[in-house]
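Note sheet for the following structure.
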Amino acid sequence: MKDLLNLLKSQGQVTEFDKIRIALAPPDLIRSWSFGEVKKPETINYRTFKPERDGLFCARIFGPIKDYECLCGKYKRLKHRGVICEKCGVEVTLSKVRRERMGHIELASPTAHIWFLKSLPSRIGLMLDMTLRDIERVLYFESFVVTEPGMTTLERGQLLTDEEYFDAMEEFGDEFEAKMGAEAVQQLLMELDLVEEIKILREEVESTNSDTKLKKLSKRLKLMEAFKDSGNAPEWMVLTVLPVLPPDLRPLVPLDGGRFATSDLNDLYRRVINRNNRLKRLLDLSAPDIIVRNEKRMLQESVDALLDNGRRGRAITGSNKRPLKSLADMIKGKQGRFRQNLLGKRVDYSGRSVIVVGPTLKLHECGLPKKMALELFKPFIFAKLEGRGLATTIKAAKKMVERETAEVWDILAEVIREHPVMLNRAPTLHRLGIQAFEPVLIEGKAIQLHPLVCAAFNADFDGDQMAVHVPLTLEAQLEARALMMSTNNILSPANGEPIIGPTQDVVLGLYYISRDRVNAQGEGHVFADTKEVMRALGNKQVHIHARVKVRVHEVVKDLEGNVEERTFIADTTPGRCKLWDIVPAGLGFDMVNQNMTKKAISKLLNTCYRILGTKETCIFADQLMYLGFREATLSGSSIGVEDMVIPDAKYTMIDAAEEEVREIEEQFASGLVTRGERYNKVVDIWARTNDQIAKAMMENLRVEVVKNRDGKDEEQGSFNSIFMMADSGARGSAAQIRQLAGMRGLMAKPDGSIIETPITSNFREGLNVLQYFISTHGARKGLADTALKTANSGYLTRRLVDVAQDLVVNHIDCGTEEGLLMTPLIEGGDVVEPLRERVLGRVVARDVMNPLNQDEVAVEAGTLLDEVWVAQLETMGVDEVLVRSPITCATRWGVCATCYGRDLARGHQVNVGEAVGVIAAQSIGEPGTQLTMRTFHIGGAASRASAVSSIQIKHGGKVRFHNAKHVQHKDGLVIVSRSADLAVADELGRERERYKLPYGATVTVNEGDEVSGGQVVATWDPHTHPIIAEVEGKVQFGDMEEGITVNHQTDELTGLTNIEMLSSQNRPSAGKDMRPVIRVLDSKGKPIVMPNTDMPAQYFLPGGALCGLKDGANIGVGDVIARIPQESSKTRDITGGLPRVADLFEARNPKEAAILAEKTGTVSFGKETKGKVRLVITPDNSDDNYEELIPKWRQLNVFEGERVEKGEVVSDGPLNPHDILRLKGESELARYIVNEVQEVYRLQGVKINDKHIETIIRQMLRKVEILEVGESHFIKGEQAEYARVMEEIDRLKAEDKMLPQYQRLLLGITKASLATESFISAASFQETTRVLTEAAVTGKEDDLRGLKENVVVGRLIPAGTGYAYHMERRRQRADARGPEAPTMDEVEAALSEALSSSGE
């Protein structure tokens, strides 16, 4: 019998579903949901508190107020279940049906649904091909619309004002029909013949040529097709029946004092019902048209307000002038249903408290206050107490726990043994913000946290709080232990380096004992082993810093597992021996025989993890921490004012600087330098002085001179506390010490400009009032910045997570050969990121050949490059590797494990089911708070330093050129190509330096030459842009007429004459169409042809160019024909930090972006139009020219007759990512975005693996634009999901049909999130109304593929351990296309049978 009850219960709720579909509800469906019509606006009788009949809370419609009890009290209790009381009409059942039973209101006149009217683009407008204004005028009864033109001159859908309507009535009588209001719109929608309309539209799309028209038509066509395919009828966008929300979801609560607290929805419903009833009455009375019309308009407005208040006109406000919260407001925004209740829920079995440090804990433990544990583990304690027979009932057990008897504590200790708890610190910016620990019961009320996990939580002990959560089920405990335990999260998922490295005190302690001191007690002693050292230390026979010799036995293991043992005598100190004692076997002694700075310790831990694995590393990290804390305490390091040693040279330096400044002031006074130059020079002087003082100060702090054993002076590392803290990396930096003991330096004004008088004193000397005041700007700005930064960074993370949330590893290998070409990142003379770091943990896409022997395969395709492989690549001198990447992965939904490569947090190939999208988003978003918010103004030193005019080699090696076209000249090679690079390779052929070569640079070395460090290999003039002759001969001027197209100028100093071209606006009208040109002729006076082409050598000179030649002069190859002065380019602000990252991921078009060549070919200039230059590119083999208009003020880098490659820069500026994708393809785009994002993070010293950024880029490239339809079902110009297009192409290939043509689109992360296939995911992100409207109209189905959708519907997510569950369900679904679930009839039959048998 009990089972049957459960069966009945479960029949009501559908739990097994595979998709969710959203569509328009037809009136009949709304009526079928409803349990009765709400006819009265009354809610509750204020005296009896009982709901009014037929009102908004009517018990007959919505169900009883008390469980199993009708309203009048005739039927009570369970035995009358299901009876309908004949007196009050209430069904006897559970009161919770008031949460699920709906009612309805029959509207006296149809009403348009505001979402489909006002949510842009207006769906009703698109369907009827009318503008929103026109439809609104019809709906709100301002004009008539013709619904049936009959045999008249009027057209269907034409608007008529009152006068026009009466005129038409007089003219045509009853021939035509025109109406107003929603009825008219409904009728027009009803009469649409979708099939016919679609046919007409498709023909129009084919025939149209204008782009705007095509856009409009395809929008309409798409909507029509959506209606046709989804089974929605257009007239359902106009409501005739309004559903009423169940009353318990819009409660009315009596407060004391006879007042009621009510949900706003009740007010809105009351309005609708009042107006509806009034309208019914007016219609019954057949009131005058104008009154009825007004009432209908008011009804329309009240329904609008109920659905989405404030969307049209002024929002309806309540008694307190606050707009009422409508149905739409309930679901959107941070406080709406999606984000407040579905994506984030509060959790049971949790608590929070302040955290304090727990230096005695092991890495996997946390201290949990007994009081908290008792509360959190209550059910487990009750069960144990009952099981032991200590309590007879749960109630008794509860009493015992409240009394806190001794047995309870014993049982608590048993219960929590090996039961992990999860600790979380808000804000949880990455997955390491929640980790599992085994609780250790402690007295007190604060949670104890292990110091080494603070970095992962970003926690400190200045009052931070943390939350504790208890995993209840066995599975949850298992996952917490296997996946979330702090000992399993040693590496950071962002970059694969240890995140549990020691910091602060621990670093200081370890650094202190690893230092050595001259002439310390026991110097020069020799010890047999480290144990002997320890004894000597204990007996105070030797100082911890003494330089001694010790016999060391080490066992070294390498990455491949080979073990090597050796014993030797090492020069070391007792302190380092102490450290060596806790180092696990397998690591070499040289790793600890050095000053243990933070970097060295981190490296030690990393090596330990890679060679010895997790367990050893955890034990070692704990030991390091205990040792570090102990030794830091014993060292007695502290800070005193005396430690801030001010260098003696400071005051002389400041005097010298002031002298220089005085000189510049005098020059300014006598007019030799401009105001701007003076300012820049002064700022430069002070910046330089500051650096010099800082240098002197650090030198002063770094070393101290002491007497050695022989009584001579010897330098040793200083034991100054402040210096030690900074040097070890424990706390502080050179910049901070500079402010304490050097000079504070230059300060900025609130607007960001630098104040030219610096603060010359430091904190030890103290600041005077003016200096203090100047300092306050920066301090305030810093605080305001931090607050803004946190919000911005959080929003960026949210957008990233949203765009990448459905990206999960779902295949082992997709089998593609595509990939990205990885090269070392070289900027100027420095290798910023060597190849080994870039390819570590990636899979090789194609065989890598050995550079020393081209036939030998060095690494086979499909190899996962680990540390061993990477080292081999480096020794072979491999310079570039094609590796698999998430961007080029061919998996349809998700990515494959091979393209992703190594799971950074685990160090092996990524598992299937790993949510790599979310990990990528967190890795990029989490350091967001460390980025700066400001945009850098270029000023002072920066703007002048940028005028580089030569290349000086740093290290030396072999010269290589890249894309360099050059001609031979007497001074050397002259570069005549745009994007040339000069690289220097080392003896293994690996590039170590790389420099840009501008057009016109003179290079003094050849390809393959050996150069040495410090050699200058190229020079150029940074202030002019030359035009270089590529042939030799005689010069002939064309169209150069004095005063018309050119002016002669003579330089007073040198006496040389230059010819200056006049720009077209400065010429007299005679010269408007003339084009100054220099041709090169041979000795016979014939034009010379350019090498390798059939084009004559002629150089057109733009306005402003200066030419120093005379007509008829001889020129040689590589000579300068003319120079174009570069106006110092407008100083652009460099956007840095967080805003830059956001711009890149949002794929925003930069202002004044660089102009790229759209085709490969030859450049010429066509006819100029007003203010614009016409650039023409003629491809070599075809004659379809490409033309583009470019504003005159843009400086062009190309000359007439020059060849450009597709995608080459024609005019400088910031690059536009959309152009890169269109002209150079995905891999070039990926390289650009990855490098730009990395540059921002690198400046802040944040390491993020490239693959995270690539993962996000993959999601930004999800959409394609259809260029040609082929025989597919797409529409020309529509944006479709890339995976869908590939599926369609597979289908068409199989059927041997014409394939569609498409081009990849780059969408910004916000756009991409909203354009996802899943409407649940998009609606819970932003613009909920728009997303839901669109989804409903198109009858969208959500396949519940991503993580977000599954969280919203309350399922396990299809990632991690939930992935298996989803795969299993998918398999079952495929099997179970067979028998159906039992119908209601079968259930009833079974029920009656069971009842009859139990009745016997």
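Just so you know, glycine gets a Cβ as well, placed from its N, Cα and C.
Feature annotations, reproduced from Swiss-Prot:
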type	residues	note
BINDING	Cys70, Cys72, Cys85, Cys88	Zn(2+) 1 binding site
BINDING	Asp460, Asp462, Asp464	Mg(2+) binding site
BINDING	Cys814, Cys889, Cys896, Cys899	Zn(2+) 2 binding site
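Under the three-state DSSP scheme, Cys899 (Zn(2+) 2 binding site) falls in the helix class. Using a 10 Å Cβ-Cβ cutoff, Cys88 (Zn(2+) 1 binding site) registers 17 neighbours. A Cβ within 8 Å of the Cβ centre of Cys70, Cys72, Cys85, Cys88, the residues given for Zn(2+) 1, is found for these other residues of the same chain: Ala59, Leu71, Gly73, Lys74, Tyr75, Glu86, Lys87, Gly89, Val90. Least packed by the Cβ count within 10 Å, out of the binding-site residues Asp462, Asp464, is Asp462.
A 10 Å cutoff on Cβ-Cβ distances gives Cys85 (Zn(2+) 1 binding site) a total of 20 other Cβ atoms nearby, all chains included. Closest in space to Cys70 (Zn(2+) 1 binding site), of the binding-site residues given as Asp460, Asp464, Cys814, Cys889, Cys899, is Asp464, taking the CA atom of each residue.
Taking the Cα atom of each, Asp462 (Mg(2+) binding site) and Cys88 (Zn(2+) 1 binding site) are about 64 angstrom apart. Put simply, of the binding-site residues Asp460, Asp464, Cys899, the one whose Cα is nearest the Cα of Cys88 (Zn(2+) 1 binding site) is Asp464. Here the binding-site residues are Cys70, Cys72, Cys814, Cys889, Cys899, and the one ringed by the most other CB atoms within 10 angstroms is Cys899.
Other Cβ atoms within 10 Å of the Cβ of Asp460 (Mg(2+) binding site) number 11 in total over all chains. Within 8 A of the CB centroid of the Zn(2+) 2 site residues Cys814, Cys889, Cys896, Cys899, the other residues of that chain are His811, Asp813, Thr816, Arg884, Pro886, Thr888, Ala890, Thr891, Val895, Ala897, Thr898, Tyr900. Listed in sequence order, Val809, Asn810, His811, Ile812, Asp813, Cys814, Cys889, Ala890 are the same-chain residues six or more apart from Cys896 (Zn(2+) 2 binding site) with CB atoms under 8 A from its CB.
Separating the Cα atoms of Asp460 (Mg(2+) binding site) and Cys85 (Zn(2+) 1 binding site) is a whole-number distance of 65 Å. For the pair formed by Cys72 (Zn(2+) 1 binding site) and Cys899 (Zn(2+) 2 binding site), distance between Cα atoms is given as 69 Å, rounded to the nearest Å. In this structure, the CA atom of Asp464 (Mg(2+) binding site) is 59 Å away from the CA atom of Cys85 (Zn(2+) 1 binding site).
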